[in-house]
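Peer 1: Provided herewith is a single structure, encoded as structure tokens, for subsequent inquiry.
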Amino acid sequence: MNQDTICAIATAQGGAIGSIRVSGPDAITITERIFTPVKVGKQLSDKKPYTLTFGHIHNEKEIVDEVLVSLFRAPHSYTGEDSTEITCHGSTYILQQVMQLLIKNGCRMAQPGEYTQRAFLNGKMDLSQAEAVADLIASTSAATHRLAMSQMRGGFSKELADLRGKLLDFTSMIELELDFSEEDVEFADRSALRHLADGIEQVITRLVHSFSVGNAIKNGVPVAIIGETNAGKSTLLNVLLNEDKAIVSDIHGTTRDVIEDTVNIGGITFRFIDTAGIRETNDTIESLGIERTFQKLDQAEIVLWMIDATDAKSQMEELSGKILPRCQNKHLIVVFNKSDLIREEQKKDIISLLSSFSKEDISSIFISARQRSGTDELQQTLIEAAHLPTITQNDVIVTNVRHYEALSRALDAIHRVQNGLDANISGDFLAQDIRECIFHLSDIAGEVTNDMVLQNIFQHFCIGK
Ligand code: GDP
């Protein structure tokens, strides 16, 4: 149990109303010292939990503000501790005054994420739910919001608990057998065990695979725009980025490590890979170093190959041999730009020329980035290419790299169990791998997670959460 009572401003600057949270064993008595209810009678500490009390915050004789105080008592609060929330006017001066008074009376300023960390340590939520709180605050689209909400409400935690339950059944069967090992009997029917292992493996595999969707929703579908210099790549990128004002590239901390240009098109976040590089480039593709350019291509799910339509033949001849083989498992869209400079009849010739380079159908589109014609259609093509399933709040989809890594390790362990059963290895080896699988799943919920990892997770939260 934490001894310190902490306080923090929980609302952003500039609103009409501000909120300060106080949590810890002395939350109610400290608040009481600086607060007088307007209605004479009960003091704050005599009030029932979940009540609102109207009154004044005062600095000795001087009234600082008229406020509402909400009261929560342990364990029925967000942190699991006694807590108050002081709702005052949103002035920075008032908020700072209230904070100073709380600190003068015994509170300490909260660290980033300390409320949620306390909620986790007091068993109010598991670690994956705590991490979802940060994602919820950072959510920028309907889809990221739905994913974070589902995780916070415990959909993922329940799935993990079910898996751990099954694994524990598995170990108990094997351990029972080990207890009686001298009698040389097999209590645990090997085919039943195999069936159990297969079921567990299927669930973990589904979760591991869901990460590519989860990651695309959370961090954006990676798109690379490639092509020769002067094809119009920067112009197109600017059109795509400027058309939607909800550019989210400047969100620091909470979820994103690398800052890239992201844009929300039709509710889907697209992430343009290493676009800074595109803007700077004024050399030919050769001098850029073809390898470096193509590395971008490897990270992409969608590739926009931009070709200057006035020079289509030579650009296709030059680059198709390098680009097409690298796009086998990607969604390639050939964008013929500068359509304002060619005649309608020329388009057919360009399309048939493109089909001569590949046996498969390649989707292509004519646009004029400068005149912004065809760009709406290109956006529609991008949405279709992203091919993301519709997510509901009940879907369990992995969005967090830490969870993905733990699940991948759990999957390795369960594969060893399956192989061990096939090879008929002894029960104690099987038990070891099952325990390892349980360990990795428990890591996600935070049951075996070490302090360093915890610290790292919570320090990326905002103060006041
Ligand atoms: P990048 O080197 O591929 O990034 O190409 P830029 O976007 O810098 O464009 C090169 C030149 O082509 C610039 O002068 C642009 O204004 C011009 N440009 C880009 N798109 C179009 C277009 O659709 N039509 C015409 N006529 N010019 C364009």
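A Cβ is built for glycine as well, from the same backbone N, Cα and C atoms used for every other residue.
All TrEMBL annotations are machine predictions without curation.
Marked as K(+) binding site by TrEMBL: ASN230, SER249, ILE251, THR254. The GTP binding site annotation in TrEMBL covers 230-235, 249-255, 274-277, 368-370. Positions annotated as Mg(2+) binding site by TrEMBL: SER234, THR255. Positions annotated as domain 'TrmE-type G' by TrEMBL: 220-387.
Give me the local environment of each listed feature.
Peer 2: Taking a C-beta cut-off of under 8 Å and a sequence gap of six or more, ASN230 (K(+) binding site) has these contacts in its own chain: ASP308.
All chains included, 19 other C-beta atoms sit within 10 angstroms of the C-beta of SER234 (Mg(2+) binding site).
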Peer 1: Give me the count of other Cβ atoms within 10 A of the Cβ belonging to LYS233 (GTP binding site).
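Peer 2: Cβ-Cβ neighbours of LYS233 (GTP binding site) within 10 Å number 23.
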Peer 1: What's the CA to CA span in angstrom from SER234 (Mg(2+) binding site) over to ALA369 (GTP binding site)?
Peer 2: 9
Peer 1: Three-state secondary structure of ALA369 (GTP binding site) from DSSP?
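Peer 2: Where ALA369 (GTP binding site) sits, the three-state DSSP reduction gives coil.
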